[in-house]
Amino acid sequence: MCKSASIVFKSIQKTNKNIPEGSHQYELLKHAEATLGSGNLRMAVMLPEGEDLNEWVAVNTVDFFNQINMLYGTITDFCTEDSCPVMSAGPKYEYHWADGTNIKKPIKCSAPKYIDYLMTWVQDQLDDETLFPSKIGVPFPKNFMSVAKTILKRLFRVYAHIYHQHFDSVMQLQEEAHLNTSFKHFIFFVQEFNLIDRKELAPLQELIEKLTTKDR
């Protein structure tokens, strides 16, 4: 998968992921976008008939990474070492970073630093052709779904931080409709395939119920 337009974070430049045009994954992404256009998010997240679940999860995981990359990029001026000295989602939930490789013991750090670590780690996973193969005929590894679940669980924390700590800024920027639609799509997707444990969603449980109740 190649890289394209960048979002500038405080200390590192993040790049959106492009799915190669003409590939099967590109066709899947176009299918997802067309279905999203219908306004029926429940239907949009369903596995298209005859398609591979791993490939569907991979395409959507890349798409959510790009969406969150852009959404967080709009509020980086408000998410600073001073304003967010810890990575939190309200007073009850605080996240410490560990990736199991470079940082094995969880460390307490500011929200911008945590999100920097997180997005860099996700990008490394997406760039790994052995985990996210972009070539036709290359199989997904046996641990793919486990890796995808970890990526999505961690991306959820960025949504949670934005909603709890920066929603006023999102409203000032008139981005709340964009944020809500993106998050609703994300939640419907992870619910459809049971990709995030319910306890991990607790920081935004009330919002999730509000956004999803009328679509049941």
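Cβ coordinates are placed from backbone N, Cα and C, and glycine is handled just like the others.
According to TrEMBL, the feature Zn(2+) binding site maps to Cys79, Cys84, His161, His166.
The Zn(2+) site is defined by Cys79, Cys84, His161, His166, and by the 8 Å test on Cβ atoms against their centroid, the other residues of the chain that qualify are Ile75, Phe78, Ser83, Ala111, Pro112, Ile115, Ile162, Gln165. Here the Cβ of His161 (Zn(2+) binding site) has 25 other Cβ atoms within 10 Å, regardless of which shown protein chain they belong to. For Cys84 (Zn(2+) binding site), the number of other Cβ atoms no farther than 10 Å from its own Cβ, over all displayed protein chains, is 19. All chains included, 23 other C-beta atoms sit within 10 angstroms of the C-beta of His166 (Zn(2+) binding site).
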